[in-house]
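A.B. asks: What Swiss-Prot lists as heme b binding site is His64, His93, and the listing cites sequence analysis. Among the features that Swiss-Prot reports, domain 'Globin' is placed at 3-147, with the record citing sequence analysis. The feature phosphoserine is assigned by Swiss-Prot to Ser51, with similarity to another entry given as support.
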Amino acid sequence: MVNFTAEEKTLINGLWSKVNVEEVGGEALGRLLVVYPWTQRFFDSFGNLSSASAIMGNPRVKAHGKKVLTAFGESIKNLDNLKSALAKLSELHCDKLHVDPENFKLLGNVLVIVLASHFGNEFTAEMQAAWQKLVAGVATALSHKYH
């Protein structure tokens, strides 16, 4: 279980309130598929994933990225109980989709990079530390069903 300080919660929620879920979600998922091409096997139905430009411009990637980040936002509302908040998604990704849980860590790290690029100097070292803690906690919660 991850325990967030009041300061970490403030940093996470403060930045989250400024995040364009559609834009950041699409970019994060797109970058995951470009940087870690083996993750594309989970998205066969998305059509053309043949190049970085095809992936980043793919409307299905963008739409699913928004869906992923929307679910991520729900976890932010439940920082004190990520495991419970993400239990159904953990079950779905384990039992039905058979996603390698390592991919949750990869996507979390990509998300931090995308946030840093979008928020520049506002994304301080303290902000990064809080978000790294969050994405690690989300990855652990999503991996729970696998154990």
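A Cβ is built for glycine as well, from the same backbone N, Cα and C atoms used for every other residue.
Note that the structure is a prediction, hence the values are computed from the model and not measured.
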A.B. asks: What does DSSP say about His64 (heme b binding site): helix, strand or coil?
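C.D. replies: Its secondary structure by DSSP: helix.
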A.B. asks: When a 10 Å sphere is centred on the Cβ of His64 (heme b binding site), how many other Cβ atoms does it contain?
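C.D. replies: So the Cβ neighbour count for His64 (heme b binding site) comes to 18.
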A.B. asks: About how far apart, in whole Å, are the alpha carbons (Cα) of His64 (heme b binding site) and Ser51 (phosphoserine)?
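C.D. replies: Between the alpha carbons of His64 (heme b binding site) and Ser51 (phosphoserine) there are 18 Å.
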A.B. asks: Applying a 10 Å Cβ distance cut-off over all chains shown, what neighbour count does Ser51 (phosphoserine) have?
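C.D. replies: There are 10 of them.
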